[in-house]
Every structure is written in structure tokens, then in C-alpha cells.
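These notes concern the structure reproduced below.
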Amino acid sequence: MNELLRQLKSRATANARRFVDLCVAELPEYAAAARDSREYQEMLDFAVFTRTRTVDLGAGESPPSPDDLAVVESMGRRRGEDGMSFETVRRLLTLHTTATLREIGEASGPRDLDAGMRLLGWLNPQLAVAQRAYLLGYTTGVRRHLPVVARVRRFTELALAGDPDAPSYADSCGIRPHERYLVTVVRPSLEPAAPADLVQVAWERHGIPATWREPDEFVALIPDDRQPVAGALVREVAELAGQPCSVGAATGPAAEAFALAERISRVAPAERSPSHLYTVTDVLPELGAAELPEIGRWLHDLTRLLASGPDLMNTLRAYYRNDFNRHRTAASLSIHPRTLDYRLRRTRELTGIDPATTHGIRVLSTVVSRAVAGM
């Protein structure tokens, strides 16, 4: 392996300069920082350092020393203090790995196959250790640049995307990542005046990471062991939004649970003060209808027919909410029970469906829920 390492060491400065120039070309934030001649020189010196230390450590197949990792961590911290985005930092690390592998391939001669494979076998775990140190430094540095709520929001977005780097970023917010969350999606009827306030309330009052996703979704990551806080948080969000909100919730790994909670929120009824977290068991017929266009069109036709009658949609909603009790339903609508009977009869005449039968309950309650959800 000696000849391969000798080649790598002789090319370290040239390879470092080529790598820095590649980053300048590929990463706008990196390029902006490199316009400062001192910053550029610092970047170049660090690129040379990583290459020469790779050769020195590779000769003995030794791990990076604490001093080596301290240098790597300090550079990551510098990028965080400068406000470089997490996406750019992650792309920077990917470019570094790709460049390192390419440089080893370029330095390898016809007889260096075994040496190259041996070097790569040693190098892979060392790269992982160094990248963890770099990200640790970055998350430390970013604390000085971004407000905590902005960092919390970024962590939430990474977790919802299933990003493997989300746990590393969590350190910058003081968040302990969890394997399972009650992911809760709140959809106001209209975008609130200050969506960022919703995220701030979730974090500062409840310690719950959250984000606002354009155009109309507040999403909270409620740890599985803190589910009781969900109801209070949702009501506060709806109160701040100042308008009816649809709520969907699902439990599981963040990305999977979010995908389901988002779908639920799109068919759940909009309520001014939500008293229930709708889950898949609550809206299974509505979900099925939303994902089958033919059923959706049929339900839409039923909605149109009901709209032609005397306040039939509100009547059915009250009827089902009051467990088919005529007197309670009539009282809640401020009408006479006989008027209620007429409306239920009119529903049957218009749709051909008896609202008191099992079939009627399944179909017409779905129609009502979709109408309340604005579908």
C-alpha cells in the first residue's frame, strides 16, 4: 500500500485545490464564503489537512486521533456559525466522500488493486467518524446563528422527510429524538396571519417540535409518551389561527405517520375548537372515498341532492351526533320533532337512502363529513 499512499500524498495539495474549486462551483453558499480570501485559504488548508492525515493514518490503519477530530469539529462549527444551511453542509460532506474515492482511484496503478481495496476498507468507517464530528461541530455553531424555534422547525422538517441526519441535527435544539411520534396535522381553513407563531407556541409552551408547511399545514411531532398534550396543543393552534381547523393524527415513525396524518386531515371535519384528534378509524370511509374517484363523484352527487332540500346537511349532522334521538336532535336544531321527521323523509326521497338504516348511516355520514371538511 506504500506506493498508493505515496501517490496520494504527492497529490494532496492539487487534489485539495480541485475539491475546493468543485465546492465553489457546486454550492452557492460555499462560494459566497470563499469570496473572502482568508476564508478560501482556510478551506484549502482544511482540505489539504484531511488528505495528508488520511495518508498518515492509512499507513498504520489507525483511527483519527482526538486532535484530528477536534480540527474537524472546529471546521464544522465554523460553518454553523457562518449560517451555512444544513442542506449545503450535507452536500459538502457528500462531495468530500465522492472526491476522496475518486482520488484513490486516480492514484491507483495496475498493481494497486489489493492495496486500494484495503485502504477503502479502512477508510469507510473513519469517514463516518469524521463526518459525525463535523456535524457535531456544525450543530454547535448553528446555535449561535439561528433562533431555537427556527432550528426546531428545521429538525421537524428533516424528521418528517425521514432524513437519517435528523437525529444529528436534533442536538442543536436540545431535542431527544424518538422512534415513534403522534404526528398531528392541523389545517386551518385559511392561512393564518402569522404561521410562525403556531410553531413558537408549540415549542415554548409545550416543548413540542413543529413546523408550518405551505400552504396550509401545521405539523407537530408529539413524542409517543406525551400524547396527552396533543388535545391542548391542537386547541391552542386553532384558537391562534382564529378559524375552523381540520385535524388528522397518526402514530408511528415520523415520516410514515405524517403521510397518513396528512391524508386524514384532508377528510376530517373542520371545527373551530377541535375536541377530537381524528385518526384512520374515524374517517376510514372518507379516506376510501377520497382515493377512489368514482365513489367521490357519487358522494358529490348526493351532496348536491341534499343541498336542494331544507337544511338537510345540518339536519343529518345533528341527527348522527345525537345518536338518532329525535327529540335531542330537534332541540339542537331548534325545530319541532315533526319538522325533523319531514326533513329525514325528504332526505330519503331525494337520495333513495334511508338515513336511519345501517347503509344510510355509512353513506350519508360520509357525505356529511366530506361536506364539513369542504370536499
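Any Cβ shown, glycine's included, is placed from N, Cα and C.
If you look up TrEMBL, you'll see 15-134 marked as domain 'RsbT co-antagonist protein RsbRD N-terminal'.
Summarising the annotation, TrEMBL assigns domain 'CdaR GGDEF-like' to 163-256.
Averaged over the domain 'PucR C-terminal helix-turn-helix' (312-359), the predicted model has a pLDDT of 90. The domain 'PucR C-terminal helix-turn-helix' annotation in TrEMBL covers 312-359.
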Helix-strand-coil residue split for the domain 'PucR C-terminal helix-turn-helix' (312-359), DSSP-based: 35 helix, 0 strand, 13 coil
DSSP residue counts for the domain 'RsbT co-antagonist protein RsbRD N-terminal' (15-134), split into helix, strand and coil: 103 helix, 0 strand, 17 coil
Residue counts (helix, strand, coil, in that order) that DSSP gives for the domain 'CdaR GGDEF-like' (163-256): 39 helix, 27 strand, 28 coil
